[in-house]
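The topological domain 'Cytoplasmic' annotation in Swiss-Prot covers 2-421, 491-548, 603-640, 780-821. The N-acetylalanine feature in Swiss-Prot is assigned to A2; the stated evidence is a large-scale study or a structure entry. Annotation comment: Swiss-Prot describes 97-144 as coiled coil, evidence class sequence analysis. Sequence annotations record features per position, and here Swiss-Prot assigns phosphoserine to S174 based on a large-scale study or a structure entry. The annotation transmembrane segment is assigned in Swiss-Prot to 422-442, 470-490, 549-569, 582-602, 641-661, 759-779 on the grounds of sequence analysis. The topological domain 'Vacuolar' annotation in Swiss-Prot covers 443-469, 570-581, 662-758.
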Amino acid sequence: MAESGGGGGCCPPMDLMRSETMQLVQLIVPMESAHLTVSYLGDLGLVQFKDLNSEKSPFQRTYAAQIKRCGEMARKIRFFRDQMSKAGVPAKEMQGKENDIDLDDVEVKLGELEAELVEINANNDKLQRSYNELMEYKLVLQKAGEFFSSAHRSAADQQRETESQQAGEDLLESPLLQEEKSIDSTKQVKLGFLTGLVPREKSMVFERILFRATRGNIFIRQTVIEEPVIDPNSGEKAEKNVFVVFYSGERAKSKILKICEAFGANRYPFSEDLGRQAQMITEVSGRLSELKTTIDAGLGQRNILLQTIGDKFELWNLKVRKEKAIYHTLNMLSLDVTKKCLVAEGWSPVFASREIQDALQRAAVDSNSQVGSIFQVLRTKESPPTYFRTNKFTSAIQEIVDAYGVAKYQEANPGVFTIVTFPFLFAVMFGDWGHGICILLATMYLILKEKKLASQKLGDIMEMAFGGRYVILMMSLFSIYTGLIYNEFFSIPFPLFAPSAYDCRDVSCSEATTIGLIKVRDTYPFGLDPVWHGSRSELPFLNSLKMKMSILLGVSQMNLGIIMSYFNARFFKSSVNIWFQFIPQMIFLNSLFGYLSVLIIIKWCTGSQADLYHVMIYMFLSPMDELGENQLFPHQKTLQLVLLFLALVSVPCMLLPKPFILKKQHEARHQGQAYAPLDETDESLHVETNGGGSHGHEEFEFSEIFVHQLIHTIEFVLGAVSNTASYLRLWALSLAHSELSSVFYEKVLLLAWGYNNPLILIVGVLVFIFATVGVLLVMETLSAFLHALRLHWVEFQNKFYEGDGYKFAPFTFIFTANEDE
């Protein structure tokens, strides 16, 4: 069994503190029980199989044919799902167990149903195409018929008008006119015409191209169809125009036909005879009625077939997915030399050994195998996967940690502390118990409806909110807590726990100033005294309070991170990291910023007027100068000199000893000597394992180790300053949230109230609600969430968390049943 360390006694036993102890197991499974064994292990979901055939392509593996079969069945099931979705036929809940049906029977049944459904669809498509063509033809007959009818009427009217004019002219001119008519009638040209429909968006270009191609020797008329029509070729609705093109000559006709084809214009025959047109419309209408009846009958038959499929759809779907997953896993197993057994290797938690052996035994019995499977644990130097047992409450927090990087095997897990610190730091920036209650109500809806919502397909944003519902619950509860401390309810203070400790000295005292206020009662018991809100000194006081509080919280969390590095070093038995990483880092951080935190607390307790900026700056610039009025306690100057010296000494202690000790250990190991003062460290093992491959003497890159340590030291020293400053975002975002709340309340709600107009008040309330929800409950929540994320990923986790492991991914059927392929 692979173990990276054994000194776990320094921490209380908890499931999330360190990942589960893993083991590399080997399974030797008889061929006749292999399928059932993998199926039972998939139900168990506690074995991560290794691919022992990685050098083979997918087509060269033993069960490639079975996977191809399952893939074909999965294709048919996807086809059924699409058809059911289009027809609006729901799949019924799964009835029975997938183990009760045989895969061969499913394959035959799916093939029969697909063939029948494809035939019905083909017939229906053919009928629907004919129906759509006849609908277009009917529209052409109607619209073009209207054009020809109006043209005939116009020509008749014009003829009558011409005849009446000619009757009144001189009789001597009549023979000449008759002669001219006879001459013109002999020179008349026979015009042809084409009718059809063209997409409306192409109609203008279509007309222009026709005109240019025939050099203007055409006459075209178009009529708009009010309602969209279904195109016979694409089957989609489209807006179209009916066109009639008159031309002269076969050459022009061939050009027009080619242009119609290029523009996707559907052409239909048309007769000039009005009687024939009416007859054709009657015939087309009758044919449409017949087709409609036939299509409806076909759709009814198809829906009955789809309902039959829907009854068994989920069962077949799960069966095919499970079988495909089983055969994929079987392809990762190797055949032994006798070709009678399959050999599997994989990672599993130590606690699951008994369950795995029980599954192997059940598979052997249920498959009537003459020989049982063999379970044995292998020794290995490979790094095991990381596995944390989580529940629906802790899984979201663990996902937040894993998004930065998966913990190294049995490395201390930041998620244990993040469960509390993440929502708390969020709430420091989002401290308003009114807003907290709003988020709490929304979260309670997600939690109370979680069973219903879990079975539904949600949108991306809703799915993220639902997955992190318990994180949001903690965020809302802590927001209510910090909001009570800040005494803010939508920026309004309430004396919830007691009256204000201060009161006006006389009647002339204004509420907008603290001048003249005297303390008449005990100190306000919890949180901020409401008298501060609205006073002239409110902003300076809150700025000072929140800024100092941010530094205290930041230094505390960074110290926690460094302390966790000690537990890691002790667990992995790395004395070098304890003496030359943990101790110097603690000294450096607390000599500077730990000291600043102590000064803040002393100043709060004593009410001193000392300038802490001046104290910290001149601690470096002029350490020998007297502090004067900035002195907070006796011998402060001496203490500062000692702390400054310790901080300076701790830097070379972090940088120099560790690389030389690792080099000394490496040399002693290869000379057969034991290095007595210090235990073998995790870093030296890492160098040995990865330095020289399979050679007898691994190469030790001292320069690489030294540069790495130099970078790590510089990063910590500079990070101690920048990370502490980074925690000031707690103050900045808290102030921004408070000021935005105040602006929305005073400049929107109170302003609307002051007009004494119901309409303005309603508008003001609506604007206030939308601004509160959109800006404060959505944008500000997201902003505070991201800043809290940054504080944990960078400022906290970089003190101890390597995060270079890989996640335990067991073979399981849990997700197979819920996810699409």
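Backbone N, Cα and C atoms are what each Cβ position is placed from, and that goes for glycine too.
A contact between the transmembrane segment (422-442) and the transmembrane segment (549-569) is present, since 3 or more of their C-beta pairs, 6 or more residues apart, lie under 8 Å.
For the topological domain 'Vacuolar' (570-581), the model's average pLDDT works out to 95. Summarised by DSSP class, the composition of the topological domain 'Vacuolar' (443-469) is 20 helix, 0 strand, 7 coil. Packing against the topological domain 'Cytoplasmic' (603-640) from elsewhere in the chain are residues 548, 592, 595-596: each is 6 or more residues past its ends and has a CB under 8 Å from a CB in it. With helix defined as DSSP H, G or I and strand as E or B, the topological domain 'Cytoplasmic' (603-640) counts 22 helix, 0 strand, 16 coil. Nonlocal intrachain contacts for the topological domain 'Vacuolar' (443-469), taken as residues 6+ away from its ends with a CB within less than 8 angstroms of a stretch CB, comprise 396, 399, 476.
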